[in-house]
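Colleague: Below is a structure I'd like to ask you about.
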């Protein structure tokens, strides 16, 4: 019975669904909406009408109508309509779903049954297509157009490419945006329809009119409206995509040594066209291409000047119809071709710098000469070497060479008093004019100030104050600061502008490396005394902190010391050291120490207490903590320990003095230590009786005490005339008799 009762509601629901299905939803309930497609965020109205007579099972009783938007209950109003119908109206003020189902439900036997549905979609009107462009493929003469889709409308949208073939009578020649210049009277036709949501399609040849203007645009349509792109008025041949030309030969023009002549072949099928071409080229070290425009010729040849000597270039070319509009497509760049221009002798002067000092013996001068390799524009090819002489070349006569090298520095000795030497560079085509190097004394006026700031992590800006005297040029030197001394022979540059007050260093600059920078002003006839500064291009926290060691400790103070960090590990200028210390019960205390110091005294410590101490080394970019040092303060200070030992020493000295005084003073000695006669030296100790009768000595038992009885008392008489305590000289006599006992104990 329980099972039957449990299954009854389910059977009732199933029977109602069958009745509604048999009666038909269209006959029982109807749902209407104001519009099935609305703008996103707009209001939606709906109405549900229930015909009681057609809904089996609902002929009698009250009908309750409710609404559901997908699975969410929404409230509507209900009233009785004509002909015994029940009507419910619903208004959604903001419909924010791109697609949803609106259900009309009736309540029967405590459950909601869906009896009608309407599907609603929301979105936006189509966006305007942008950047329409077309290109004609000469292989099949199909016009391929592409564009950019606008924002998604969230609605089904139809996109087509439309075109017309009859131009406006006033249109002659190429035009750009036809929406401002023409509207064709011919009927627009659909040129092509993109597939699969793509934004490109191809108009077939049968719909094109070559060598005549056509109007082309993209149209996007959905239920909320239509949008069109800008209209293009183009001749399909103007936008023909040509195949790239082929570079045939490149050669230098003998009489114009910085010019070259190029020859190329046009692509197949374009021999009859007037072409407009562009040439681009660059050397391997150039960051960008150099572009040559306006090459219009059918001959397939062109000339161009301004190339460097002895330099390899990479050339490419592209073309299009010369009568094409600005919208015409260029061909792809042709395959590249390399060419190296011919060389000529180096030109220009070399930047040179020297260090000179007297040799030990022989009256000669040791010279270290350094110079910068010429730039490519002045080298005119590959430099093979450099030559240093004591005099310039005259009338074809070569002076003696004191140095011939492929490097950019040379060490040699010259006679004392030499003031000029000559430096030149040479390549396969010849030798440059010599650069005169004057060995001037360094005793001129120094600069008033010099400082450097980072440019980026691989450069430094150097600034200085210009001196009062006129300057010809400046020599700027920089050397990395390392623990092991080293010398960079290329770390210098010449600033030829004597009025300059700034310079940028870029060669060999590394981050986290300290550099010593020196600046020499070059005056007329002398070299100024250099000024110096140090700088980093970029700083960071030190690699590690110094290791602390204990120098001295007392009950309230501790002196700590450390070794300065090696310059390679500093990674920047040390701005401060910070000492931290703490015991088990107090907070951490700290003190900041000047970076020039290498020791610090911690004061105010507690006696006999354990402390943990560590140090932090800091730069402008951060700090690094060191390892911890454990120390224990003493119970007493050094002065207290010294006072204690001094007090004990004084007490000991006083005792020794008193002891010596007692030894020296006989009266005090007699008072404190009276004289006691030695029994061994008495007359009794030396007297021996004549005869001693042998009597047994009876000893009382330990457990049998009793009074001792004296049986015999012998009185000894001293010799007349003998004083006590003084011995008389011994006289010869007969042997003494055996002694007799003078005390005898008897038993009880």
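Positions of Cβ are set from backbone N, Cα and C atoms, glycine also.
Note: TrEMBL annotation is automatic and uncurated.
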Colleague: May I ask you to indicate which of 583-602, 603-622, 623-642, 643-662 is given in TrEMBL as transmembrane segment?
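Modeller: The range carrying the transmembrane segment annotation in TrEMBL is 643-662.
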Colleague: Which range is it, out of 673-710, 711-748, that shows up in TrEMBL as region 'Disordered'?
Modeller: 711-748
Colleague: In the domain 'Fibronectin type-III' (446-541), how many residues does DSSP call helix, how many strand, and how many coil?
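Modeller: Breakdown, helix to coil: 0 helix, 46 strand, 50 coil.
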Colleague: Sort the residues of the domain 'Fibronectin type-III' (542-638) into helix, strand and coil with DSSP and give the three counts.
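Modeller: Split into helix, strand and coil, the domain 'Fibronectin type-III' (542-638) gives 5 helix, 43 strand, 49 coil.
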